[in-house]
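To keep things clear, I will list the structure first and then write my remarks on it.
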């Protein structure tokens, strides 16, 4: 679950981390109230969206007067935000964050993230903060320090000394940095985060390290341990099909292809995506209905896939061990009978009640092509999608 910047800052503030004062507003009058309460004469207004690249795409506005602050907030609250990180979506800006300007001497990058390759958390730092870290990693890899962290949730003294040397911090600044890193680590572990990114962490002209921006992602599988974070979920920042899939309890990820997929089992689903690519096609989604989906869930899952107008072909790929093929067939029939238009459908059914399931589909008059192997199904689906 992604958090908005203000939500991440709310969490970090509880860990006594240095963050400039900020207010969150949903309307211009709320912005005006905040400005008057703080007596700010200048500041920054930041769109609260689940996307990076805000600074480059008009989502962050520096204002040098109260009037400019109000104008910036009014503009942001009435626009849709998109960048190369929004996957083609235009995200609504429902809230803005207002904060005073800070006199910056240096900008740094700091992040703690789960490294899936090494199966452990890593900490990454760079003296090139405030920019796209992907560009730094690609063009100047020597400017990025990356270290694995112990599973205890602590950081060793020698690692902190290495960080201070790499970042060229003198002792007073290093002392601040050490404290910030330790507190960030504590928050990362206690909140079951998969990402905690500070960009930028800045050194002010008076010698203080301050967190200006924060991005945080909480592991969905650990949310049951953090019921207080339930209200942080913002469905307006997601594809409507992703939101519906969550409500239905389906494992769904929207992709940019043209072949809609309904598969049972994550391994089989990923193999299906791979073989479609092998034959020159591309999937419109990842959808794993699991082994215990009901007829209703199958029906809703198919309707969900078909609601994507980019889908030209439906590929149903079921290996019925736990899953009953007759249940899949019944759900398919119900879903197709509710569709105004039909698209080419390729079906591979194997396993429990496969003959019964096929008979149900044939007797219902559902236009489709049955195949007997994954490769045959993938090749046919790709051909029909062209």
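Glycine residues also receive a Cβ, built from the backbone N, Cα and C atoms like all the rest.
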Among 221, 239, 264, 363, indicate the single residue that Swiss-Prot lists for the substrate site containing 321, 322, 323. 264
Proximal residue to residue 323 (substrate binding site) among binding-site residues 46, 54, 55, 102, 107 (C-alpha distance): 54
Per the record, ATP is bound by 46, 53, 54, 55, 102, 107: how many Å separate the farthest pair of Cα atoms? 20
Determine the minimum-neighbour residue: among 107, 213, listed as binding-site residues, which Cβ has the fewest other Cβ atoms within 10 angstroms? 107
For the binding-site residues 46, 54, which one has the sparsest Cβ surroundings, going by other Cβ atoms within 10 Å? 54
Residue 46 (ATP binding site) versus binding-site residues 199, 213, 321, 322 - nearest by Cα: 213
Sequence gap of 6 or more, C-beta under 8 Å: which same-chain residues meet both conditions with respect to residue 53 (ATP binding site)? 59, 83, 84, 85, 132
Out of 199, 264, 321, 322, the binding-site residues in the record, which is closest to residue 102 (ATP binding site) when you go by Cα distance? 199
